[in-house]
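All remarks here apply to the structure that follows.
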Amino acid sequence: MQKLLVICGPTSTGKTKLALHLAKKYNSELISADSRQVYKGMNIGTGKELPANSKFKIQSSKLPGYYEINEVRVWGYDLVPPTRSFSVAQYKKIIDKVLLTIFNRKKLPILVGGTGLYIKAIIDDISTLGVPRNTNLRKSLLNKTSDELYALLSQFDPIKSASLNVSDKKNPRRLVRAIEVASRINKLSEIKPKKINYNLLLIGLILFRQDLYSKIAKRVDRRIDQGMETEIQKLISSGVRWGNQSMSGMGYKQWEGYFSKKESLKKVIDKWKVAERSYSRKQIAWFKKDKRITWFDIANKGYPQNVESLVRKWYKETS
RNA sequence: GCUGGGAUGGCGGAGUGGACAAUCGCACGAGACUGUAAAUCUCGCGGCCGAAAGGCCUACCUAGGUUCGAAUCCUGGUCCCAGCA
């Protein structure tokens, strides 16, 4: 079984930094598991650790490009233009290919990021991933209430509708998706991604809540200093619109009121920090459920050494 | 100093005699989530007891008063804001 190292945890805990550090020691390549770093031109706000003058390299038309950071290849950035929408299914398709080439190069891939669903798509199975989005269906369901959607789903797939929990029953987006899956026209044409089994090691980085919050605040301030406003300006003038999926992310959507002269910069920053905090909570709730994760408190100064010794042990094992 | 307006939970802000521990939004807390996941959705949110139903206590600046009953009415005090001086 191929070895795959996963580094996850809430935002602002230094996952990429740790991954880059480990990559040097284990002849590794990094794969970002981040639903926002996939967009080209969104760098500061999504936290791509790009040094000045770093170049995006594309070697084959069958693979995405990569960056080299401190001589470590980093994949998963800049997969699509920010005017395009994106989904886990595309991510899975692309990254599975990338992983194969990394194994061919006899290197250790490190999957690093905070998007739990993306990590899950790579290391576990998501069985409905082969059902593509149906734009017409989604359009026709656009103005339906969650009760109406639930009734519809009950017609198409009573078993599925009965199995939904209270929150999904009231979640229009997830109901629409469930109807989409239930009403697929041609099941045979679906290409179901293969489940690949890896020899996994999952590392989680965590920090006491209040300290995490203050780290988040500082990082937002830093991103403002790094020129976040200019980044947004560039995106807008290159044709990205506020309604694009890429602009629904933290650090981006909060600027809409500012650019229409309705809100102050302070307001933008406050809303941004709030969004980051609430996101970190959701990430913690998600990752907490995965019992495979070994957690490291980054307040503990020795944690990189502890991570390393765990990785070393796992890496040496013949699988 | 005068005149007018105001003081409600961590914040904004409803309520203007009973159905008020107090609509709602935000923050915060807990959670769900198999093709938008940095999305979307659910629940909780004065304190105490309880698994729950529910019960008890302290509350709408403060001190009194009116009333069967007050966040809501009256009086005094404190503070804030606006206009005039």
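Each Cβ is built from the backbone N, Cα and C atoms, and glycine gets one as well.
Annotated features, as they stand in TrEMBL:
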type: BINDING; residues: A:Gly9, A:Pro10, A:Thr11, A:Ser12, A:Thr13, A:Gly14, A:Lys15, A:Thr16; note: ATP binding site
type: BINDING; residues: A:Thr11, A:Ser12, A:Thr13, A:Gly14, A:Lys15, A:Thr16; note: substrate binding site
type: REGION; residues: A:34-37; note: region 'Interaction with substrate tRNA'
type: SITE; residues: A:Thr115; note: site 'Interaction with substrate tRNA'
type: SITE; residues: A:Arg138; note: site 'Interaction with substrate tRNA'
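Positions of TrEMBL features highlighted on the structure.
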residue  : record                                 : Cβ within 10 Å
A:Gly9   : ATP binding site                       : 26
A:Pro10  : ATP binding site                       : 26
A:Thr11  : ATP binding site                       : 21
A:Ser12  : ATP binding site                       : 25
A:Thr13  : ATP binding site                       : 24
A:Gly14  : ATP binding site                       : 17
A:Lys15  : ATP binding site                       : 25
A:Thr16  : ATP binding site                       : 22
A:Thr115 : site 'Interaction with substrate tRNA' : 20
A:Arg138 : site 'Interaction with substrate tRNA' : 14
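Taken together, the residues of the region 'Interaction with substrate tRNA' (A:34-37) have an average pLDDT of 98.
For the pair formed by A:Gly9 (ATP binding site) and A:Arg138 (site 'Interaction with substrate tRNA'), distance between Cα atoms is given as 33 Å, rounded to the nearest Å.
Close to the recorded substrate site, the chain also has A:Gly9, A:Pro10, A:Lys17, A:Gly47, A:Gly114, A:Leu205: residues not among A:Thr11, A:Ser12, A:Thr13, A:Gly14, A:Lys15, A:Thr16 whose Cβ is within 8 Å of the site's Cβ mean position. Within 8 Å of the Cβ centroid of the ATP site, not counting the listed residues A:Gly9, A:Pro10, A:Thr11, A:Ser12, A:Thr13, A:Gly14, A:Lys15, A:Thr16, the chain contributes A:Gly114, A:Leu205. Distance noted between the C-alpha atoms of A:Thr16 (ATP binding site) and A:Arg138 (site 'Interaction with substrate tRNA') is 36 Å. Helix, strand and coil residue tallies for the region 'Interaction with substrate tRNA' (A:34-37), in that order: 0 helix, 0 strand, 4 coil [DSSP].
Residue pair A:Lys15 (ATP binding site) / A:Thr115 (site 'Interaction with substrate tRNA') shows a Cα separation of 12 Å.
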